[in-house]
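Undergrad: Input: one structure, supplied below.
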Amino acid sequence: MLSAAEGILLCVVTSEAVLGVLGDTFIALANCMEYAKNKKLSKIGFILIGLAISRIGVVWIIILQGYMQVFFPHILTFGNITEYITYIWVFLNHLSVWFATNLNILYFLKIANFSNSVFLWLKSRVRVVFIFLSGCLLTSWLLCFPQFSKMLNNSKMYWGNTSWLQQQKNVFLINQSLTNLGIFFFIIVSLITCFLLIVFLWRHIRQMHSDGSGLRDLNTEAHVKAMRVLISFAVLFILHFVGLSIQVLCFFLPQNNLLFITGLIATCLYPCGHSIILILGNKQLKQASLKALQHLTCCETKRNLSVT
């Protein structure tokens, strides 16, 4: 039986998940409709569709595993349920982070303007960067799937053996780190590109101020808005993996639903918050969302009039 605090936090997690799924579904549908209309899909459009679809799967897996862990923890030890969930999770989570990294790099190379020779080389060879990241993703999958299979087999064999669990704490943490090396690489690349873009925008704003453009200059406002979006993304991105770390640590603790659900809240903040940030920060998505809201409002008004 859940306590009042645990019940409230679980409602918060569920709300985050619903908002995240709705936001990502809208992003995917809007870009698919744009492709159907123009018969052409940009790199950003392709990345947004892939990011939205993979993140919908990630959210469903997080919620499914979270509810099972809270209400039916013993089900996870039956058959191959844990194994199937883990494999799907690894595939979708790596793919989601890969798409997010590609999106950050694409925005970085498109917006930033450094005189560094490495940056100029990367900017002229965007396709090479994507191919390299694709190779990193495949390598990460090939390395982590066998390791996860070994970890799951060991946990099945010794499940319930308290002494074995105590002995395997350090081994488990090392294995978790090794299996997530690919994720760590993409996280570092995303945060570095995000930081460099923030630095570029900050320098550009200072340069515009020194030239006497003023705070109300449209370009300055756009740059400030972009900086806020980037900082929000970085915070949510970090919180997502902090939440995942909390869930992993719960493996070593007696059943603590409050801590576990807190980890779920932090984990679900990123897919929910980032989808909203993408919609508000993208002109086409923002216009499409406003049209959708206007359409829903009109439908609701007509429905109320017909009832009366």
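Cβ coordinates are placed from backbone N, Cα and C, and glycine is handled just like the others.
Note that this is a predicted model, so its numbers are computed, not measured.
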Undergrad: Do Leu92 and Leu290 end up on the same side of the membrane, going by Swiss-Prot?
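TA: Going by what Swiss-Prot records, Leu290 is on the opposite face of the membrane from Leu92.
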Undergrad: Look up Asn161, Asn304 in Swiss-Prot and give me whichever carries the note N-linked glycosylation site.
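TA: Out of Asn161, Asn304, Swiss-Prot attaches the N-linked glycosylation site annotation to Asn161.
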Undergrad: Looking at Asn80, Asn113, which residue has the N-linked glycosylation site feature per Swiss-Prot?
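TA: Record says Asn80.
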Undergrad: Between the stretches 8-28, 44-64, 128-148, 233-253, 259-279, which one has more Cβ pairs under 8 Å with the transmembrane segment (181-201) than any other?
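TA: The stretch I would name here is 128-148.
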Undergrad: Does the transmembrane segment (44-64) reach the transmembrane segment (128-148), going by 3 or more CB pairs under 8 Å (6 or more apart in sequence)?
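TA: Contact between the transmembrane segment (128-148) and the transmembrane segment (44-64): absent, because fewer than 3 Cβ pairs are under 8 Å.
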Undergrad: The transmembrane segment (8-28) vs the transmembrane segment (259-279): three or more C-beta pairs under 8 Å (separation of 6 or more)?
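TA: Stretch pair touches.
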Undergrad: May I ask for the residues of the chain that lie six or more residues beyond the transmembrane segment (128-148) and have a Cβ under 8 Å from a Cβ within it?
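TA: 86-87, 90-91, 94-95, 98, 101-102, 105, 109, 122, 175, 178-183, 185-186, 189.
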Undergrad: Can you give me the average pLDDT across the topological domain 'Extracellular' (149-180), rounded to a whole number?
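TA: Its mean pLDDT is 57.
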Undergrad: From the DSSP assignment alone, can you count helix, strand and coil residues within the topological domain 'Cytoplasmic' (116-127)?
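TA: Secondary-structure composition of the topological domain 'Cytoplasmic' (116-127): 9 helix, 0 strand, 3 coil.
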